[in-house]
Amino acid sequence: MNKKTFYITTPIYYPSAKLHIGNTYTTVAADALARFKRLTGHDVLFLTGTDEHGQKIQRVAEEKGLKPKEYLDNMVDSIKELWKSMNISYDKFIRTTDDYHIESVQKIFKKLYEQGDIYKGEYEGWYCTPCESFWTESQLDDHNCPDCGRPVEKTKEEAYFFKMSKYADRLIKYIEENPHFIQPESRKNEMLNNFLKPGLQDLCISRTSFDWGIPVSFDNKHVIYVWIDALSNYITALGYNSDNQELLEKFWPANVHLVGKDILRFHTIYWPIMLMALGIELPKQVFGHGWLLVDGGKMSKSKGNVVDPVVLVDHFGEDTVRYYLLREIPFGSDGLFNNELFIKKINSDLANDLGNLLSRTVAMVQKYFNGIMPAPIAKEPIDDELINLALDTREKVENNMEKLKIPEVLDEIWTLIGRANKYIDETTPWILAKDEDKKDRLGTVLYNLSETLRIISVLISAFIPKTSERINEQLNVDLTTWDSIASFDGTKAGTKVVKGDALFPRIDVEAKIEELNSLKEKKEKKEIKPIKEEITIDDFDKIDLRVVKVISCEPVKGAKKLLKLKVDLGGEERQVISGIAQYYKPEELVGKSVVLVANLKPAKLRGELSQGMILAAATDDDSKLFTVSIPGELPTGSQVR
């Protein structure tokens with residue numbers, strides 16, 4: 001009999017920087033779903049990979065003095081090492097620089113062009129390099145990207161466009177007729193009401209301003225933009241447009257595209273429209289999970305709250321990280337991470353609840369039965385509640401996993417763990433052991449605990465697989481299939497248990513946090529932005545830096561981030577427009593001596609003339625900025641050299 005298939009994907013990650021705990025969350029969740037489906041008898045394909053083209057990759061590689069592919073090869077190695085350390089069981093890793101993907105993408109582009117869904121035009125507007133997104137003037141937030149808040153660049157270039165509006169009504173109808181296509185429900189409503197129903201603009205799908213990308217096969221001046229290149233990985237990985245489409249026929253449509261909420265629009269609007277144009281069935285579901293908030297906010301280097309999963313694995317082991325992410329983050333909503341919560345959860349759930357249950361059970365089998373598993377020959381009514389809960393939990397777990405309710409699954413399993421610990425207190429094995437006539441009853445109690453642990457081990461195997469293996473080793477059981485936990489008899493009497501190390505040693509919370517903070521401080525001191533390429537003294541001499549005094553300062557109308565300064569250059573008054581309104585109130589700058597790039601060519605910003613630029617130092621993500629100040633005794637007009 002053929003197995004049911006299950007195809008699950010993560011986004012392909014953009015390797016312009018190291019992956020962080022948020023990327024890890026997506027991949028761990030996908031891995032848990034993939035492992036569970038394998039456990040329940042499905043033929044699974046779990047796809048992940050890297051999105052390797054684009055202007056940002058090209059720039060980052062250049063900054064490091066590397067060719068893009070050389071830079072990418074190093075990054076991909078580190079990503080694969082991360083997934084190995086997190087025990088990620090992906091079946092295929094796709095890179096958009098793979099030859100088969102490039103060839104397939106070129107064929108997709110050509111097909112869409114030849115059938116009239118793509119046309120050539122000219123793009124003029126604003127571009128965000130980090131997000132690889134184009135924006136119209138009306139969409140900008142004070143000339144910053146509405147998605148990430150970073151500055152955008154004005155661009156004008158010839159481009160190919162995809163006729164999105166042609167398929168919009170058809171997609172709206174599909175979403176409304178297939179309520180499970182976009183999940184959670186709130187995300188579906190957002191896509192319909194905020195993007196689709198107001199109307200779609202045609203989508204720019206090629207670039208000419210950089211060359212690190214897949215060339216349009218019939219127009220080499222253009223490279224194919226991220227939308228077709230990256231999104232199509234879900235079918236090119238299965239052999240679409242190749243001589244062997246066996247995987248495509250077997251696994252498509254995907255059961256779940258798992259993505260972060262920030263890229264849900266691309267996966268629920270752009271991607272399905274492309275599939276409609278290609279005549280390909282849509283994926284069954286796109287699930288947009290929430291963000292991982294660190295200490296109440298998004299991660300950023302300047303805040304010092306970026307969480308490196310490698311550090312956590314090194315200090316606590318991969319299963320602690322997997323457990324916290326899967327249990328504590330509401331699947332579909334934002335969730336919190338901080339070291340204190342994380343360590344306390346290890347101590348309470350993993351060390352106290354699960355670890356102690358195993359340790360006490362194995363220790364008592366060793367102490368009272370020389371390590372040989374007794375037979376359950378003296379049952380009592382008090383056993384039924386534990387046995388029934390153990391058997392019922394299997395069905396509850398399966399039902400919740402069908403609905404992608406991962407935290408609820410772990411809640412059910414930990415309810416069983418709690419009940420088993422309570423059963424020890426109720427049956428008091430240490431008292432039974434004092435009465436030789438109660439030997440059979442003692443053996444039954446310990447068998448029930450051991451069999452419950454075997455069932456727990458199977459139940460947790462998709463979520464914390466290494467821990468599951470360690471439990472099986474100590475119980476010395478090999479019956480670990482999903483079907484085997486439909487009955488309460490998988491542990492065999494006469495088996496010799498093997499006492500091992502504690503699953504999760506208790507951690508001194510304060511000492512460990514102090515250690516992690518110390519490591520982070522050392523790491524931050526080492527990390528500095530790469531120095532730009534050398535210039536000569538002649539190059540530097542071209543820049544005329546002068547001391548100026550701020551005479552007046554006021555906001556620029558209609559621009560939240562701009563200030564209009566009048567400065568004294570030593571007898572000459574100038575007007576300067578500076579993007580520092582979010583860091584300084586106008587009155588804080590008046591009377592201050594600052595440094596001006598005096599020979600910068602004048603330019604108009606928001607209709608106001610700017611005659612120079614104020615020097616300032618900022619963090620990498622622009623969350624903090626300070627002007628370069630000069631002691632008041634230096635006269636205005638003095639040269640800075």
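Note: Cβ is positioned from N, Cα and C throughout, glycine not excepted.
Features reported for this protein in Swiss-Prot:
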BINDING   Cys128, Cys131, Cys145, Cys148  Zn(2+) binding site
BINDING   Lys301  ATP binding site
DOMAIN    539-641  domain 'tRNA-binding'
MOTIF     13-23  motif ''HIGH' region'
MOTIF     298-302  motif ''KMSKS' region'
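Under DSSP, the residues of the motif ''HIGH' region' (13-23) split into helix, strand and coil as follows: 3 helix, 1 strand, 7 coil. Under 8 Å from some Cβ of the motif ''HIGH' region' (13-23) lie the Cβ atoms of residues 48-52, 54, 56-57, 60, 72, 75-76, 78-79, 82, 130, 260, 291-292, 294, 299, 306-309, 312, 321, 325, 337, all in the same chain and six or more residues away from its ends.
DSSP classifies Cys145 (Zn(2+) binding site) as coil under the three-state reduction.
DSSP assigns Cys128 (Zn(2+) binding site) to a strand in the three-state reduction. Sequence-distant contacts of Cys145 (Zn(2+) binding site), defined by Cβ-Cβ distance under 8 angstroms and a gap of at least six in the same chain, are Cys128, Pro130, Cys131, Ser133, Trp135, Pro151, Val152. For the domain 'tRNA-binding' (539-641), the mean pLDDT of the prediction comes to 86. Residue environment of Cys128 (Zn(2+) binding site) contains 21 other Cβ atoms, counted within 10 Å of its Cβ in all protein chains.
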